[in-house]
Amino acid sequence: MAAAAAAAVGGQPSPQSEPPQPELGRDKAATAAHLKEALSRPDNRAGAEELQALLERVLSAERPLARAEGGGEEAAAAAAGGGGGPGAAEEEALEWCKCLLAGGGGYEEFCAAVRAYDPAALCGLVWTANFVAYRCRTCGISPCMSLCAECFHQGDHTGHDFNMFRSQAGGACDCGDSNVMRESGFCKRHQIKSSSNIPCVPKDLLMMSEFVLPRFIFCLIQYLREGYNEPAVDVPSEKDFHKVLQLLGPQISFLEDLTKMGGAMRSVLTQVLTNQQNYKDLSSGLGENACAKKSHEKYLIALKGSGLAFPEDKLTCGMQDQAAGTSSLAVSGFAGATGTSGQVDSSDEEDQDGSQGVGKRKRVKLSSSVKDQSIMDVLKHKSFLEELLFWTIKYEFPQKMVTFLLNMLPDQDYKIAFTKTFVQHYAFIMKTLKKSHESDTMSNRIVHISVQLFSNEELARQVTEECQLLDIMVTVLLYMMESCLIKSELQDEENSLHVVVNCGEALLKNNTYWPLVSDFINILSHQSVAKKFLEDHGLLVTWMNFVSFFQGMNLNKRELNEHVEFESQTYYAAFAAELEACAQPMWGLLSHCKIRETQEYTRNVVRYCLEALQDWFDAINFVDEPAPNQVTFHLPLHRYYAMFLSKAVKCQELDLDSILPDQEMLMKLMIHPLQIQASLSEIHSNMWVRNGLQIKGQAMTYVQSHFCNSMIDPDIYLLQVCASRLDPDYFISSVFERFKVVDLLTMASQHQNTILDSEHERSMLEGALTFLVILLSLRLHLGMTDDEILRAEMVAQLCMNDRTHSSLLDLIPENPNPKSGIIPGSYSFESVLSAVADFKAPVFEPGGSMQQGMYTPKAEVWDREFDPVMVILRTVYRRDVQSAMDRYTAFLKQSGKFPGNPWPPYKKRTPLHPSYKGLMRLLHCKTLHIVLFTLLYKILMDHQNLSEHVLCMVLYLIELGLENSPEEEPDEEEPVGGQERCHDSWFPGSNLVSNMRHFINYVRVRVPETAPEVKREPPASTSSDSFASTQNSGTAQVFSLVAERRKKFQEIINRHSGEANQVVRPKTSNKWSAPGSTPQLTTAILEIKESILSLLIKLHHKLSGKQNSYYPPWLDDLEILIQPEIPKYCHGDGMTAVERILLKAALQSRLNKRIIEEICKKVTPPVPPKKASSAEKKTLDKEERRQKARERQQKLLAEFASRQKSFMETAMDVDSPETDIAMEIVTPEQQVSEAVYDCVICGQSGPSSEERPTGLVVLLQASSVLGQCRNSTEPKKLPTTEEEQIYPWDTCAAVHDVRLSLLQRFFKDSSCLQAVSIGWEGGVYVQTCGHTLHIDCHKSYMESLRNDQVLQGFSVEKGEFTCPLCRQFANSVLPCYPGNNVENSLWQCHSNKSMQELIKEVEELQEQLGIFPSETNLSKEMESVMKDIKSTTQRKYTDYSKTPGSPDNDFLFMYSVARTNLELELIHRGGNLCSGGASTAGKRSCLNQLFHVLAMHMRLYSIDSAYNPWKKLTQLMQDINSQLSNEEQPEVPVLYRDVSSLLLIQILTMPQPLHKEHFTCIVKVLFTLLYTQALAALSVKCSEEERLAWKDLGTLKKNTCNAEKSWEVLLSLVISELSKGKLYLEGETEELGMVNPIAWSPDNIERYLQQFCLPFLRITSLLQHHLFGGDLPSCQEEEEFTVLASCLGLLPSFSQTAHPFTSAACLDWSVPAFDIIPQWCFEVTSFSERHAEQVKVLLIQESKWDLPHLLQLPENYNTIFQYYHRKTCSVCTKVPKDPAVCLVCGTFVCLKGLCCKQQSYCECVLHSQNCGAGTGIFLLINASVIIIIRGHRFCLWGSVYLDAHGEEDRDLRRGKPLYICKERYKVLEQQWVSHTFDHINKRWGPHYNGL
């Protein structure tokens, strides 16, 4: 290594000796300082050379890459020489560079010094994918504007339309850039134009950088050159790329750090990167250095393929001159003079003999004429920047390089240079992108760069002018698409010369083209650039050519025989391509054609568009008939043409006719869009069903909201334009011919349709008429303003369904070009929304499903604006039309406007723009009138295949005609000269108003010979010429639409050919008419004698089912004719519609009015039941019957579903038990001896017996809800800053834990375990749905579930199931104890036994040993359920004794289960018993059964009589002292024991069922103990003086009567007894701090005592209620104590006590108080001798717990998001990918993070076990959603944060500000506290410990 370095240096004659090779950092610094000093001299040549030599040595590029390529021995040698492991040399080099830059000083100080000179006007922070950024539409000029969070929060955006988003491709902060955003939005840091007060940079600060950096960057480039190997053809070379890039990581990071030093350093870098001289000197590869030469050669190889000229194109290059002249590339490439011009890739040599297989899809290459030759040639680089970008592209845009290049952008000079370089490499980027294996990532990185460059209008304009940006872009796009062209099969498969893109190619399928297209759209959004494009004819030609590649792509051919084998999904690619590559640029261009001055642009586009269309028609050999059974949804050229026409008329005041082509072209133009409309109808009629589902998908996508205004809307508009300019008869007949229903339109009752099966006829006829209605009533492009359009769209969407705000934004078609100015959520959107809709706030359903805030149409919108036509146009699914009609019907019923089934209302239209007046001629042409007449007649005569919908559309068309009739009614015109047409024999004129009254007597029809009409004799009166005789009695001729149309077409063509002197085109050969023998048709004459008016009146009779039901309203009320707008005609059914039409007809002409009156005067005979053959009648009846049956079935199903739903909801409803069906446990009458249960599986009723026990369906779950109670009412908040923390030590669970461990320190273990309850954390809660089943039935039910293969949301292995009746989740069965539920002696008054007797009995009962129950089924079940209960919670929550597995544990656990359930029920009742009653939980409570199970097990443990607490409570001990001395660890003093626990122990160890009197006795005894505890605790809380005062006061009263029931006396006794120990002496002073410094007045003391005793009284009352029945009395809060005391029998009926009540009145001492209290106190005082400091702590028990609550959340979600989404996890110290926070305790966890996994449990699951004993409630920070973990399952609960419109924003996709929804949070908390997550939430899945 040294040798190589020496050689390199020695190559330069150096005046000084070679610099010594320094080893240490200090030497580096010294060298650097020396060099800097040398360079600062005026003559610095010597210094410069010395530095060169040093850099040459340090930065030699030879070593590392030998290693990278792993080149055998060399590499090994190099590694050995390089000292240290791989990368050591590079590190050394970096160290040197840092030293040299700092010129001998410290690098950190140098950085700081440079930063001081930063004129930070721009932020320019660059971020990569997934970064959270903001976009404010109010402040943005460009829609791509984005801000980093810091700048956003520092700026003022209140009230703006902003959102937060996760960056897809990466981006940069635009704060401070006034080209992209308004200055008002800048943040505080970037508002000041700070450049003024920044001092000038001292010259010597950056001097070294200017010398060092060029070498450093050149070194980097050499690395890149060396590392690059041309990838082999198939092998992806990412691996090599990554290796090289990894090695270069530190270098690039170093450059990145330099850019972050601010403006001063950036300008040095810019200077280095763009300096051409530097580049030339260093990189020419001319020096002697072998290494440099090698790298230069590699560079030249890499450059080779960088031009656009593909090797295959060599053939076609010769054609360029000739191609430049023609207008269309497609033609020049194909039908050019040179036949061999490389039409086929030379690779396809198999069949070069000219007989190419027809179906073979050939790849086609086209030649192109490009003005800018540079794009074709190999790239030439002139600076470091250019070569760096080149390698960045070659290496497929490594993230670090991209970030470095972007970080430089705040420097203006750099920005311009870089943009030009980027454009220069554009074609190369495209080539690399196409070859790339990870085109997605690469696309994102490209756009990350280009969006920063092209969003800036000034820059885009400059590059367009100087670098031909537009030419380059269009050419590159063209080239890109050329690689995947195939021959089009549309129309004329054999001879078509048209080529289209192949949608199956990866390029289209993977959307690889989007970066280029998105750049193109981006630059077209700038007016100056778009103008250049629109003025440049060459570019327009090329662009139209590009668009024509998509014209007719993805052709569908209808499968007629069997179902297609493989359903291709290419249509996604096709629709995406048309939208992105054609429509979006079109919208971009349209946005600049808004004013008159831009007329020229529109003319240009229209001109070249028509040329391209003409070329297309020629290329596919199109004459006048489209090929049958094929359709393409892609006609971008038609749509360009249509949209520019629309814009021209709407905004630019152009004369429409001046930009329309001749009639023949119009006829061609209308064919394909009309074909699409007919195909839509065919697809919906199931005629394409053999093509699979994908064809339906296409039909839906075509009208879907994101596509409709670039697809169906322009198509319909184009048809409207054609219709307004072509002959109306021609147009109408074309429509019916396209829809294949011509044969149906005959007066005969039978017909033959050669091209349509009869089952499709009806829906195709409906389709044709509906299309005509849409065509004639839609005004989207014919005169509506933008606001009217928005309103109509919104009303249509709201009428289909109530919508959320975001779905409305999504469904309303907005202009797809982002810069159109119609911003979703813009002012007009909001104002229109508030005008047409009401907001329905989110509500909760009892089933727990959460609603979003919805908008619903206002009543007046239904009344006046509901427009069925718009709804039909916009529905993707046909069922939405029905849904809109159902809602409309419901509105009319509700508002009392119309009771029956209404027809779609007729809506008045916006007036037509004058340019399109011709459209209305369709309504006044004879062809249409003949069709309408025929259909009315057929409907009246009940011919088959007609429906109400057909009639509805026919009437709609008549009404449209009446509304749009020509101004004056013309005299009946005679056909002016010309040939006599057959439809002239039907109607005299073309005005609908007059044709309505025209009577048609006879019609000549062609019918099959079998038809009934043939047999009739024609009436004598008619002869062949009779129709000419009188005007009103003609025989209308046989009328053939098709013949008419052909005649018309021929005429038009002849007319043109006359002018143009062409050869007449051949009429289309009829090669597509269906083969098959058409049956013989004969002519028959029918007698009709009807006019349209008479048919209408008869239809009215038919619809109403009554004769003469129509009576002209004006005969009664002349007013009607004066003010015709009558609300009663607005809504209604068919009859109303007929009445409305007749009224309008009468209004328009007096003649009509008279004729109507005449028709009505003739009493019409009943409509003859038509003389149809009976067979036909039968089929008709059958049809109707079928239809009715179908409707009935639908109704039944719907009813059944709603019933089921309502049952589910009531059954699941936790809070409204009254809705429950009476299947609860029967509470029997008194005389019933045994409870009877119903089994919900076998349905039998009967008692539960030992042999066949019945059980309750229960759910056992571990719960820590109780442990979350806190003793402060102050709610705990979720921390959102570093200062806020949550400490768990004031929770109930923590307090109880501390107490137990304190007791265990000083007292005997077994006694401790009976002095407290556990289960505050991990207690087992038992709940039931109230349904019972036989246990054997349950077992077989579980067996069947096990064999059931269906995926259930629960695990049968774990014993889980759902209740067979109400489907509530459960996991065990609790056996019901045989016998009566309620103890018989309930109503006996207190027995006359004395207290002493009862005490004795209780003691004896406890002494009896529990007999181990006999082996019955019942006892087995009880045992197994006890096992279940134990295994429900974790081991750590049941094992508290010091000796593991001691029976004391089980004993403690069992009575604690009872305690847990009682406490939880108390919480469900709101923490007290004031509400009384058999509470909500009461009905579902299974405590009675639970007690039996627990008691049976507890009786198996005997308590040693010596230790039985009952004795201590009811007897005086003889020899206290001796007892204490002989044990090393005393028992827990009774005053320290938890009284509620004692109660449960006493009761559960007695034989069941228990007698009420014994229960009362136990309660009385325990109350005395409790009261004493209260006094002791109080005495500790008093101050010394108060204690003395009370002591004296009590002593005075001691001898009064009832002294034992006076708290003063007792308090004084307790104080004096406790004073004997060291209790009050210790630490008096510091203790005072914790004592409330309140004065203890007698009232305060009384209140304290009651509060102390209340929890016990509540638990006891609940227990009594469950054991013995009887309701709980309700009361006020103040009197809760007295009510409960008397309910428990503690309080003798207290009416006689007049003086105020005191709690002491409830005492009933079994042993005189003055004897027993000292005994109890003695235990405490003797303990205080030894451990004085703990005595007090144990005496004061916390009795007042607040209800459990979840953490309080902040109002605004952003507060949570900003704090937590970047917070590091305390376990793994990384920022989690999916952070979550526990809403119970506030712990921050990594969701799914492998980093925090412990023994295969991920952190959330682990936390749910530790914090909630298996239940976890987590808020997912990045999604705003709450997720519930329950045991081994989890579910997404929903979000409690909603936006301003009451919607969730899951995954923060919309990024709008979110606010807490308090109601939802309450519901969540309610479900947590009531343990009903499992019942209410439906979608559970297993989490496999992976959350």
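Residue positions begin at 1 at the first shown residue.
Backbone N, Cα and C define each Cβ position, glycine as well.
Residue ranges 1-46, 139-184, 277-322, 1059-1104 are listed, and TrEMBL annotates 1-46 among them as region 'Disordered'. Per TrEMBL, the listed range annotated as region 'Disordered' is 1011-1031 (candidates: 801-821, 1011-1031, 1200-1220). Feature region 'Disordered', per TrEMBL, maps to range 65-84 of the set 65-84, 445-464, 1125-1144. Mapped onto DSSP classes, the domain 'UBR-type' (121-192) shows 13 helix, 18 strand, 41 coil. Under DSSP, residues within the domain 'RING-type' (1312-1367) fall into helix, strand and coil as 17 helix, 14 strand, 25 coil. Looking at the domain 'RING-type' (1312-1367) alone, the prediction's average pLDDT is 88.
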